[in-house]
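Colleague: Dumping the structure here so I can ask a few things about it.
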Amino acid sequence: MKQRGWTLQCTAFTLFCVWCALNSVKAKRQFVNEWAAEIHGGPEAASAIAEELGYDLLGQIGSLENHYLFKHKNHPRRSRRSALHITKRLSDDDRVIWAEQQYEKERRKRSVPRDSALNLFNDPMWNQQWYLQDTRMTASLPKLDLHVIPVWQKGITGKGVVITVLDDGLEWNHTDIYANYDPEASYDFNDNDHDPFPRYDPTNENKHGTRCAGEIAMQANNHKCGVGVAYNSKVGGIRMLDGIVTDAIEASSIGFNPGHVDIYSASWGPNDDGKTVEGPGRLAQKAFEYGVKQGRQGKGSIFVWASGNGGRQGDNCDCDGYTDSIYTISISSASQQGLSPWYAEKCSSTLATSYSSGDYTDQRITSADLHNDCTETHTGTSASAPLAAGIFALALEANPNLTWRDMQHLVVWTSEYDPLANNPGWKKNGAGLMVNSRFGFGLLNAKALVDLADPRTWRNVPEKKECIIKDNNFEPRALKANGEVIVEIPTRACEGQENAINSLEHVQFEATIEYSRRGDLHVTLTSAAGTSTVLLAERERDTSPNGFKNWDFMSVHTWGENPVGTWTLKVTDMSGRMQNEGRIVNWKLILHGTSSQPEHMKQPRVYTSYNTVQNDRRGVEKMVNVVEEKPTQNSLNGNLLVPKNSSSSSVEDRRDEQVQGAPSKAMLRLLQSAFSKNTPSKQSSKIPSAKLSVPYEGLYEALEKLNKPSQLEDSEDSLYSDYVDVFYNTKPYKHRDDRLLQALMDILNEKN
């Protein structure tokens, strides 16, 4: 009897478990606002039922006759519970044979599961492509990749998109490129033939174009080199740099086969010597204009440009008319440490950033190389632009109807500032967008860009408008050393006219400035919304007396703002060279934008924690603006803010002021630990490091020296804050604590 009772209990328990499991499965279902029904009588009967019962008739289900799909007019899009009452009412209709509410079904692709990104491809250098995959050993480290793999996992790999590389040629028979080579996207303007093959020489001087093309379209899973960002795209090469370059050659290259080529990638420009001011000639400018108007069947060619490698020479890409063009997407670089590399230039025209080389300890970029070889040492902004071009190819596969301006909006709206947040110079513009003269709107995020470009939800941006503001009564204004010229520019942004602008894109300030030493000029423009932008920073090597003649200084920093109000132009010379003199001859402000706000901008930009910065992979809390007080001239010159003979009370006062500015405790700990573990060898090893101390004023002076000038927001009294490079030690660095330690030791040495 007991045995029978036990059996009944077990059976009951089993049935209960099965019932719970079934209900659990059912509970996990997500029911959608769609009903399938079998109805005889054709579409007329289905339409009548829909109208009577409050449905929208979505149509016949596939090729199944008498089967229709309905959507209820007053039901949520998704629900965890089925709407039994709605289903019953539909089923009770005599004309309905069968009805069922639809629910989401989980389906998985029956492909072999991958253990990790390391196993995605058999290409031998794939594991070295740190910028395309998450190579972290622990989740506590920040992600470094461009978020490309999630796009590939959707099957988006660049199919149907054509990119051409304007450079010194393309080794098109390279076994990692040949399968994706497109002869219709290729030409040799140096020798005027259809073969862009590079000229070999003993130094492999003409490897540049092949390396850039490899980044974009190296074939996947062919046991050769690495993997291109858009590894199923088609790539061509324009050979135009290996010989005499003329305006005609540039125009022919920029405008080559615009009905076939989608994206043009260029990693070149005028000399990055810190003293050149040059842009496209008349013909090249017309080629750009033709490309955006007629290219890609009227949707506009996509021009991707490297922002320049003149950082060591103090160059400024605002003096490069190619990156400064409204028609190009100017791409800067970030190192593996998430920092602005030594070669990078600053300017207000840079739109976004991708990864490239940094210090000698950082990994570089992998690609194909001459003589059917491979390389892991591709460097500079030359390597950043092709990565961006590859990402844009992924977006064009996802949505071929994107216009050239759509692409720029997508870049602005999805680039991430957080991975680069430990760099100085970030500011929020009047539209709530984070922007930086070193990085534009931040690091490219391929997944976010492609997701936003989804043709099911993306709406092409409104028609572009142009509004020109100028003062016909303006009289030339004189400028001398240690002087300034301020021009107030009130505008209604062509309000009430067909070309009225309510949402900004690019802003151009076209000016003629005569000056005895061009490199001493500093130009800022403050928008009606209060965003201050450095249009031109000093260039020590630029001693030219030629000034600027009708030069377009371009900025993207006010993107999304309403331009109505008063803008302020300020031109200064703080060099102290008393012999300097000149004048502002004429100017005009050119606003580019739209009369109505683009659809995707009607809600504020939301920044995510993707690729969160953690102080160069050290797990230290993120730096914030240490202080917000205005800089003194000493701070702008990189000098210590407290002289050697300062009293302790003055040091204490300054420390109290900085505590109110919320200095980072993590930085203090980092300085202390760095000093402790790197003390001179004469210190006894028996003394515990915890007993070592750094003078409190030394800690704060190090913080000031490293952060104060460069962390300040732009204001009338901090024109130079975005361009002070004290933060980036000129000596090779490995991690942030090395630079902090170096600054601290410099301070202590000065005191001893």
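Note: Cβ is positioned from N, Cα and C throughout, glycine not excepted.
Under the heading active site, charge relay system, Swiss-Prot lists Asp167, His208, Ser382, citing sequence analysis as support. Marked as disulfide bond by Swiss-Prot on the basis of similarity to another entry: Cys225-Cys374, Cys317-Cys347, Cys467-Cys494. The domain 'Peptidase S8' feature in Swiss-Prot is assigned to 129-450. For Asn173, Asn401, Asn645, the entry in Swiss-Prot reads N-linked glycosylation site, with the evidence type sequence analysis. Here Swiss-Prot flags 631-662 as region 'Disordered'.
Quick one: how deep are these features, and who are their neighbours?
Modeller: Listed in sequence order, His208, Gly209, Cys212, Ala213, Gly237, Ile238, Arg239, Met240, Leu241, Ala266, Ser267, Trp268 are the same-chain residues at least 6 apart in sequence whose CB falls under 8 Å from the CB of Asp167 (active site, charge relay system).
Secondary structure at His208 (active site, charge relay system), as computed by DSSP, is helix.
Spatially close to Ser382 (active site, charge relay system) yet at least six residues away along the chain are His208, Arg211, Cys212, Ser267, Trp268, Ala306, Asn309, Ser356, judged by Cβ distances under 8 angstroms.
In the shown protein chains, 27 other C-beta atoms lie within 10 A of the C-beta of Cys225 (disulfide bond). Classification of Cys225 (disulfide bond) by DSSP places it in coil, neither helical nor stranded.
For the recorded site, Cys317 (disulfide bond), the DSSP three-state label reads helix. Around Cys317 (disulfide bond), the same-chain residues six or more apart in sequence whose CB sits under 8 Å from its CB are Ser307, Gly308, Gly310, Thr323, Asp324, Ser330, Glu345, Lys346, Cys347, Ser349, Thr350, listed in sequence order.
Cys494 (disulfide bond) falls within neither a helix nor a strand when secondary structure is assigned with DSSP, and so counts as coil.
The number of other Cβ atoms within 10 Å of the Cβ belonging to Asn173 (N-linked glycosylation site), over all protein chains shown, comes to 10.
Annotation for Asn401 (N-linked glycosylation site): spatial neighbours Lys299, Pro455, Asn460, criterion Cβ-Cβ under 8 Å with sequence separation of six or more.
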Colleague: Using Cα coordinates, what distance in whole Å links Asn173 (N-linked glycosylation site) and Cys374 (disulfide bond)?
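Modeller: That separation, Cα to Cα, works out to 13 Å.
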Colleague: Taking the Cβ of Cys374 (disulfide bond) as the centre, count every other Cβ atom within 10 Å, in any protein chain shown.
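Modeller: Cβ-Cβ neighbours of Cys374 (disulfide bond) within 10 Å number 20.
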Colleague: Tell me the Cα distance separating Cys467 (disulfide bond) from Cys374 (disulfide bond), rounded to the nearest angstrom.
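Modeller: Per the Cα atoms, Cys374 (disulfide bond) and Cys467 (disulfide bond) stand 49 Å apart.
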Colleague: Using Cβ-Cβ distances, find the residues under 8 Å from Cys467 (disulfide bond) that belong to the same chain and are at least 6 apart in sequence, listing them in sequence order.
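Modeller: The list for Cys467 (disulfide bond) reads Thr491, Ala493, Cys494, Gln497, Asn499, Ala500, Ile501, Pro563, Ile590, Leu591, Gly593, given in order along the sequence.
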Colleague: Using a 10 Å cut-off on CB atoms, tell me which of the disulfide-bonded residues Cys347, Cys494 is the least crowded.
Modeller: Cys494
